[in-house]
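Quick one: the structure is below, questions incoming.
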Amino acid sequence: MAAPPIQQETAPWLLENGSYKVLTKEARQGHGHSHHGRTAHNMSSSSLRKKSDLTLVSKVQCGLLRSFLTNLQEVILGTKLSILFPAIPLAIVANYCNFGRPWIFALSLLALMPLAERVSFLTEQIAYFTGPTVGGLLNATCGNATELIIAIFALCQNKIDVVKYSLLGSILSNLLLVLGTSLFCGGLGTLGKQQKYDRRQADVNMLLLFLGLLCQLLPLLFRVAGGYTTVTTVAALQLSRASSIVMLVAYVVYIVFQLWTHRQLFEADEEAGEGQEEETPVIGFWSGFVWLVGMTIVIALLSEYVVATIEDASNSWGLSVSFISIILLPIVGNAAEHAGAIIFAFKDKLDISLGVALGSSCQISMFVIPVCVIVAWIAGIDMDLNFNTVETGCLAVAIITTAFTLQDGTSNYLKGLILLLCYVVIGACFFVTTTPQSKIILYCHLGILGIP
């Protein structure tokens, strides 16, 4: 039997199990009324999506094959970053054929870019069927899945410095690079007037970031005040674990605040979307779930390659591990999300740009970092919240500068430029910082012997 004609304007549909499912007017209203759990994070990533032409696919007679091809076209070809998908098999082939390890690192980084954007797309698709609350919870856990998976693999290989550097870099890039570029581009796009935004959401996020900064600052001060002895090391570790539990409690309360009690502060403006076509699901629930699991597995595989080859890339390129982890990893890993935030700033939708930058920073600071400390604790690995003096100082300056920038609810290109220049200076700091391998080995031996 021939497939029915596609009329998205009059009868939105989705493909599930090879058959068309028509959404009634009531169902569409029920789905559309609550934004499907679309946060600024989802709205940002949607700016890099492109409309799929399903005319050819709809002519396929076999329902199962039609469903598969539709899913393939929507998930793989439904993004402007689809050109980077070939990097996935190339990275896997390069690893198994023992190509140069810096090549494996570079290909894996490139392959992570479209995967991170597609995870955001799939969580949004699933949210159409689970409702906005479950969709919001899913976004809260999957929003920074790439960073969390890379951190877990680095922990498994006992590369604690890579964990700390990459997570610190994610916060810095969101606060200074993404937010700075968004304010700068938005200011240039609206010359002659000030851009305005709702600062209530920014205030909540900045408070959480200050709490996270306090929890990361105290173990450092503990070590500095008490000297680098075994006693202070153990005390700082215990303090870090207790602080991580407090941070997770604060994050859970933040999720309740965001999804239930003060939901209106965090909902993305539906008029900021690309159009009505974004308001209907394009794949089914189980299809989205299977794709999400599959892409998470691929992200895990590529993350393992990244962690395993980062030192070789550092030696080959003449860059320090700290520079690659703090600057390169976050920029490449979140490129799609960052680009979306900048696009919406150009469109004078700063609330979405702020939601992306500050929301992602809070998620890393208050969820991913304490989860890594607790996972390390369970695994018997000693990871504390001491991010070292220079790194913690850069984080403190970034948070304070951002808080001052956002205090009056208005923006212009100069504010964005200042944030960008702060990021350039911090990047230069880690670019000139090199830690020879012999020095790392010496520090490890001194630490084992208990010598400060």
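Any Cβ shown, glycine's included, is placed from N, Cα and C.
Because TrEMBL annotations are produced automatically, they should be read as predictions rather than curated entries.
Feature table excerpt (TrEMBL):
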- 30-39: compositional bias 'Basic residues' (COMPBIAS)
- 103-260: domain 'Sodium/calcium exchanger membrane region' (DOMAIN)
- 288-426: domain 'Sodium/calcium exchanger membrane region' (DOMAIN)
- 26-47: region 'Disordered' (REGION)
- 75-96: transmembrane segment (TRANSMEM)
- 134-155: transmembrane segment (TRANSMEM)
- 167-192: transmembrane segment (TRANSMEM)
- 204-222: transmembrane segment (TRANSMEM)
- 242-261: transmembrane segment (TRANSMEM)
- 282-303: transmembrane segment (TRANSMEM)
- 323-346: transmembrane segment (TRANSMEM)
- 358-379: transmembrane segment (TRANSMEM)
- 385-406: transmembrane segment (TRANSMEM)
- 413-433: transmembrane segment (TRANSMEM)
For the domain 'Sodium/calcium exchanger membrane region' (288-426), give the DSSP counts of helix residues, strand residues and coil residues.
115 helix, 2 strand, 22 coil
What residues in the same chain, six or more past the boundaries of the transmembrane segment (167-192), come closer than 8 Å to it by Cβ-Cβ distance?
144, 147, 151, 209, 325-327, 329-331, 333-334, 337-338, 341-342, 344-348, 350, 353-354, 356-358, 360-361, 364-365, 368-369, 372, 387, 391, 394-395, 398-399, 401-402, 405, 411-420, 422-423, 426
Establish whether the number of Cβ pairs under 8 Å between the transmembrane segment (413-433) and the transmembrane segment (358-379) reaches at least three, counting only pairs separated by 6 or more residues.
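Not in contact, no.
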Run the contact check on the transmembrane segment (385-406) against the transmembrane segment (75-96): 3 or more C-beta pairs under 8 Å, excluding pairs closer than 6 in sequence.
no
What residues elsewhere in the chain lie close to the transmembrane segment (323-346), defined as a C-beta under 8 angstroms and at least 6 residues from its ends?
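Distant Cβ neighbours of the transmembrane segment (323-346) are 41, 43-48, 79, 81, 109-110, 112-114, 116-117, 120, 146-147, 150, 161-162, 165-166, 168-170, 172-174, 177-179, 181-183, 185-186, 189, 195, 272, 306, 310, 313-314, 317, 352-353, 356-357, 360, 391, 427, 430-431, 433.
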Applying the under-8 angstroms CB criterion, which one of 75-96, 204-222, 358-379 scores highest with the transmembrane segment (282-303)?
75-96
